[in-house]
């Protein structure tokens, strides 16, 4: 009791400081809330390219090492915006062609022609001998009921405007400009002051320096593996779908392979959003069921091989995490954070495992060999 009274003033000071610190952090959260996504993206880019930046600094030498942040930001800008511009403009152009084609295929004449060429499909849905007489009226009634869904003119206009925006005027939405600008501003300061920030963080942590460095390396490696590993596998999935499409007469190959690349990041669904409808299209519309079945088998095989053989070697072993846990983290991340959850989910899971390993090591070593004695 006496000891507590002696330290009462110290405890009160700690409580006041802690309360002020929490209140200030809470206030700062709302102040910096608009920049959170920009800061998150900048940190991801920085940790992914940190090794490259260090190599560049060593290559430039001490005298002109100060140029490295400028060079890295220029390279990142060129590496992100130039490919994005080219890819998006190509996708929008092919989307215009696809929507125009779908609009033509949904005409009454095309539907009748399709059903005439696919008697098995017609027999599957109906055995009514008066079906062909009633078909035009049924089709017009269906289109009338679902006009909002089948109204492709609005989609066509939207894509046309997007094409004009990309290929002509460059009036970008304010939110995109804002986030992109602050992402690269923050990235520049990460490159410039990254070493100082890391040093300040490690100096103030009450853990042995060796453990801190190991923890930092593991976190950096995990983030780089998640970012580059997912990107590499997704690009491979899209490339293989593109190769398969080259053996077909289907148009808009780049658009379809781009869709496959994006959806390959989603577990279970994967590239089936492309190879399944394309295979059915080849069979129904082009009456080439052998090509359609082979295409579906090829697409499914490519997805399963990359997902179950290549991806585990890149992600699971390096992250030292069970594949099922990574699968759950991807699903949960997508549900909670949208597309960003593909990165956030596995990263959060990996950080928990790294911190658990760190705790076990620290529990064994305690404060031995720590910087404070």
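First residue shown is number 1, and so on along the chain.
Cβ from N, Cα, C; glycine included.
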Range annotated as transmembrane segment in TrEMBL, from 64-88, 89-113: 64-88
Who are the long-range neighbours of the transmembrane segment (227-248) in its own chain, taking Cβ under 8 Å and residues 6 or more past its ends? 44, 48, 254, 256-258, 260-262, 264-265, 270-271, 274-275, 278, 282, 291, 295, 298-299, 302-303, 306-307, 310-311, 314-315, 318, 342-343, 346
Segment proximity, the transmembrane segment (12-29) to the transmembrane segment (326-356), 3 or more C-beta pairs under 8 Å: no
